[in-house]
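Some features that Swiss-Prot has for this protein:
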type     : residues                  : note
ACT_SITE : D128                      : active site
BINDING  : L75, C76, H77, M113, E114 : substrate binding site
Amino acid sequence: MPELTHFNTAGDAHMVDVGGKPSTTRMAVAEGYIAMLPETLRLIMAGGHEKGDVLGIARIAGIMGAKRTADLIPLCHPIPITHVDLALEPQPEASRIRCRTTVQTVGQTGVEMEALTATQIALLTIYDMCKAVDRGMSIESVRLLEKIGGKSGHWQRASGEARSSTR
């Protein structure tokens, strides 16, 4: 089993030194869902929510979340993000919205945490904007789908795989 990199030999938490690593192009894709009542999804899709464009605001919030990841997760490096693509896809047949986020950088460490954070923040924003009409919404299956770049190269979740034990 690989070692946890955020602990030193004494077992203390530390920020990993990436200074000696070469800058390379890196990309990560994450997804997650928010399940809700069919009426809530219809309200969002019709654009009739009194607070405004739920999906548009959630998209901007997710992008902001990607940019603020290092402020939220203590041992994350602040990195120069070169691109964030966040898509929100209503899925009426499942009464949910899928969020898929792609984040890119050219740097010394990956953008997995930025993609996961952006996804979570977008979904949390939908929850916040709609909780007055549906407190039973559920954020589900937030996970990394793919990462490219760095020492570990290319990793992609197998189709239908809920959990991965590989790097």
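From the backbone N, Cα and C atoms, a Cβ is placed for every residue, glycine too.
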Rounded Cα separation (Å) that holds between C76 (substrate binding site) and the residue listed as 'active site': 26
For M113 (substrate binding site), which residues of its chain lie six or more apart in sequence with Cβ-Cβ distance below 8 Å? T69, I73, C76
To test your reading of the substrate site: which residues beyond L75, C76, H77, M113, E114, same chain only, put their Cβ within 8 Å of the Cβ centroid of those residues? T69, A70, I73, P78, I79, T109
Record-listed substrate binders L75, C76, H77, M113, E114 have a maximum CA to CA distance, in Å, of 13
Ranked by how many other Cβ atoms lie within 10 Å of their Cβ, the binding-site residues L75, C76 are led by C76
Count the Cβ atoms, other than its own, that fall within 10 Å of the Cβ of the residue listed as 'active site', considering every protein chain shown. 14
Going by DSSP, is L75 (substrate binding site) sitting in a helix, a strand, or coil? coil
Whole-number Å distance separating the Cα atoms of H77 (substrate binding site) and the residue listed as 'active site' is 28
